[in-house]
Every structure is written in C-alpha cells, then in structure tokens.
Amino acid sequence: MQRLAEFGWRLLPFIAAITIWYLVRWSGLVDQGLLPPPHAVFVEIWRRSLDGGFLLDAWMSVRRVLLGLFFGMLLAVPVGFLIGWNRGVRRFVDPLVNFFRALPPIALIPLVIVYLGIGEVAKVAILFYAAFFAGVIVMYEGMSQINPLFVRVARTLGATDWEIFYKVIIPLTIPHVLTATRVALGVAWATLVASELVAAQNGIGAVIQNASAFFQLTTIYAGIVTIGFFALLMDSVLRAITRNFLNWQDRVAQ
Amino acid sequence: MNASASFQLCEPAASAHSPDVKVQFRDVYKTYGRIEVVHGVSFDINEGDFISLVGPSGCGKTTMMNMLAGFTEPDRGEVLLEGNRVTGPGPDRGVMFQDYGVFPWLTVEQNIRFGLDLRVKRGMSKEEKRETVEKYIALMRLGDFRDAWPKNLSGGMRQRLALARAYAANPHFLLMDEPFGALDAQTRSAMHDLLLGIMQSERKTALLITHSVEEAIYLSNRILVISARPSRVVEEIRVPFSDQRDRELLDTHEFIEMRRHLRDLVMQQYAQQQELR
C-alpha cells in the first residue's frame, strides 16, 4: 500500500503536466492544429514503435549517448582527479578547461563534420566532448571539497600513501563520480538531439527533423516525449545506484 | 590571590634528557602568513603524563598538537619524540578531533577495524584483530551499533567510536583536540569517566586541548595555561589528585580552589585575546 502511494506520488507530476497540456489545448489559447492532444502523441509513439523503425531510432540515440558518456567520463574522472588534487596541474589546465567548456558543443558540429564526417564516430565525438567537459568540472569541484582531515586521520592509523588512496580517497571520490555522470548525462542528451538535428539519417533527433519538414507536429511531440522518457529512465538508474552505494551519506539523492 | 601560592609552579621544563621524557618542545615558533601563532614554547611530556593545554580559542594550541602529530612543522625550534625530530604522522600517535574524525563511509565496526586491517597486512594475526575489535566495541558500548553508519550515531557515540578506533590501533600517545567540545554536559562527563576508565586499564601518554578548565583538572596530571596569540606557556600547574578519580572530586575544596585559580588565569588570556581582535 505504501509502495503504491509512493508510486502514485511519482506519477502525479506527470499527470499534472498532461492535464495542463489538455487544458491549454481546450482553452483555445493555442490553435488546436498547432498543439496535438497527448493521447494522439502516445498513439503515435505506439504506432511507430510497432512498425519497428522508431525503436531502432531510439536505440541509435541511446547508444550514442551511452558511448559518448562512457568515453567522456573515462577521461573526466582521472583528469578531474588530477586537477582537484594537484595545484600545478590545476593552474595549467584550469583556464583551458574553462575555455573549452564555454564553447557549446553544437558550435563544433561543422568542424567535426569536416574532420570526422557525419557517421557514428562524429556523433559520439561530439557527445564525448560534451560529457567530458560537463563531467570534469563537477569532478574537480567535488575533489577539492574532500576534507583533508580524513587523510590525516588515516595517516595516524598507520596508512601508507597507497592505502590512503584506495581506502580513503576512492570512497570519497565515488559520490562525485556519480554526480558528475548525472550532470554529463543531461548535457549529453541535450547535445545528442542537436547533433542529430543537423546531420543524421537515424536517431530520434533525425525523426524530429524529418517530421518538421513535413509539418507532422504529432511526430515531433512523440520524439520529444520519447527523449524525455529515456533521459529520465537513465537518470533514475543512476540515482538508484547512488542510493545503494552511498547510503552512508548524510544527504542521499532521492 | 594567595590561592595561587599553594600550587606548585614549575619553571619551563629542563631539557636534560631522562628516559621518562617522551616528548620535548624546544623553543618552538610558528607563523602563518603574517600571524605568529606560536612564540617560543618549551615543555616536556613524560611517560604516562596526561597533559592539558588550556587557553583562548585561536591561540595556537591546535598548531602545537599538529606539530606533535606530524601534520605541520615548526618554523624554528624543534619537537622531539623520544629524542628524534617529528617528521610526519605515525601510528604511534593516535588522534581524536572534535568533528569529522570518524570515517562516514565505514560502519562502526569497519571504522574500528581500519587501523587493524593495516596491521594485519604487516603481520598481525586475524585472530588478534578480531579480539581487539570485539574488546573495544564492548568497552565503548557500541555493540548495538556495530553495523550502523556514523551519520546515525549521536555525538557522544561518535566520540566513543573515535576513541575505540584510536585505542584499537594501539598508539603510544593519544592526542585530543577538543574532543568533547561539541557534546552536551551529561554526555561530556560520561565521556570523561569513560576516558579515565580506559586510561586506568591501558595507560597512554596523552595530550588534551580544551577550553574547559574543569575538564582539564578532572582528566590531567599536568596543565599548561597557554597565552593569547602568539602562544606561550603562561604557567604550568601540577594536578595533585590521584589517578583514581570520580565525580565527587569536583566538589572538594582543593578542586574548587584550583578551578578558580585556573579560570582566573585563562580569563586574563581571553581578555588579551579580545584586545587583539
């Protein structure tokens, strides 16, 4: 019963959003032809999923996000770690990181097309760029917040540098890795759609782009809802991991 | 002020090296930026001493402890540990802090095991490790919480855990930086008795930093009154009571007189510290 109520609470915001959607449509503030009703959008998702093409598009998008995120974090974790811990490295790398972070990844798309073409590698490269710079900043902000007192205490208990690294630093780093991954995931999704809008034969961004050319508003909405669904799903998985691994923390992400 | 005459006042400790002398602060200076925090401090700590540093906050007491712990080094002068200059932290000197001392990512039992796990790698038997963990869990009455996270413990329990963990690593010295400062009065006095109890069964040479004059008298055999910044030793007081102490001591005439004397000294330093700001 309690779990049911919990589930209801989680669903409530979405029900509210859909209700508002209906209300806006019925209120006549927007031309009905310009705002498809939610049920038509869900029917569209269902119909396109049944013929298989839509699922393939969704899978292509998810795969690009996961690959970009994976490689981005693979580099962001050690680099963020180094910047957070070594003042010399920080002084050198910090301005560069801030410069490249300020560039929107979308602005690099023309360059990427020139160097890498419009294949999968090009898209993953853009997502890698986006995920890396989003992740690295969170990582090193987190690392610089680690309380040096714990290192001192470990020393007084007889730990060597290496033991301090894997018994103190690693456990304290994991929360920041997870937070950085969540932030990078959000940025990766935002960038994905942009990169697919520009140049792609498949993927949900491409579906939206094609539908736009034919003024198929329902399909555009179906694509947007699907992206939101997958982004939320992946974020929920990360939060569940956070909860299970970090139940020692005072403030556990809900 | 004739009360002060009844206490034995000591000159700064002579530096003659006797086997009993474990720690020597020799004319130690320390400056952070432009602020001098320690100014020419000299004193000895003997084997089995429980020595308290009492003085205004921000006066450099913690810096002095950090030098002995090996977290920081003096600019001038030296801190000697059994005749050798302190170069870094080590398992011979256990430390207790006011906060954050316990590792939040480890359970109570894992915290106590931390130092022992390291010693197992250096040859301690697993059997001995297990016995040691059980012993201190029992002594500190943490049995019901062995699998709890520190976030679920009260302040008093956290400090019991910190004490258990420090003792489990079997250090020769116990360094405490206002370990009971954040506790309520009842928990604090319970911790005092717990500490006195464990000190009687397993004596450590201890250095305590505290604001509480009463705490200093109740726990230590020697008290150093530290001046307003920069730190100097204003006066050393020997506490004449036996090691077997209980709460009744707090109501004795001698205790009250000593507390008054010490409080006057400390308040003078507080007043000077205020003027510095």
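Backbone N, Cα and C atoms are what each Cβ position is placed from, and that goes for glycine too.
Note: TrEMBL annotation is automatic and uncurated.
Quick look at what TrEMBL lists:
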{"type": "TRANSMEM", "residues": "A:7-24", "note": "transmembrane segment"}
{"type": "DOMAIN", "residues": "A:58-242", "note": "domain 'ABC transmembrane type-1'"}
{"type": "TRANSMEM", "residues": "A:65-85", "note": "transmembrane segment"}
{"type": "TRANSMEM", "residues": "A:97-118", "note": "transmembrane segment"}
{"type": "TRANSMEM", "residues": "A:124-143", "note": "transmembrane segment"}
{"type": "TRANSMEM", "residues": "A:164-193", "note": "transmembrane segment"}
{"type": "TRANSMEM", "residues": "A:213-233", "note": "transmembrane segment"}
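Residues of the same chain lying 6 or more positions beyond the ends of the transmembrane segment (A:164-193) and with a Cβ under 8 Å from any Cβ of it are 61, 64-65, 68-69, 72-73, 76-77, 80-81, 105-106, 123, 126-127, 130-132, 134-136, 138-139, 141-143, 146, 150-151, 154-155, 203-205, 208, 227, 230-231, 234-235, 238-239, 241-242, 245-246, 249. Same-chain neighbours of the transmembrane segment (A:213-233): 33-36, 40-42, 44-45, 48, 54, 58, 61-62, 185-186, 189, 193, 204-205, 207, counting only residues six or more beyond its ends whose CB sits under 8 Å from a CB of the stretch.
Long-range contacts of the transmembrane segment (A:97-118) within the same chain: residues 83, 125-127, 129-130, 133-134, 136-137, 187, 191, 194-195, 198-200, each at least 6 residues beyond the stretch ends and with a Cβ under 8 Å from a Cβ of the stretch.
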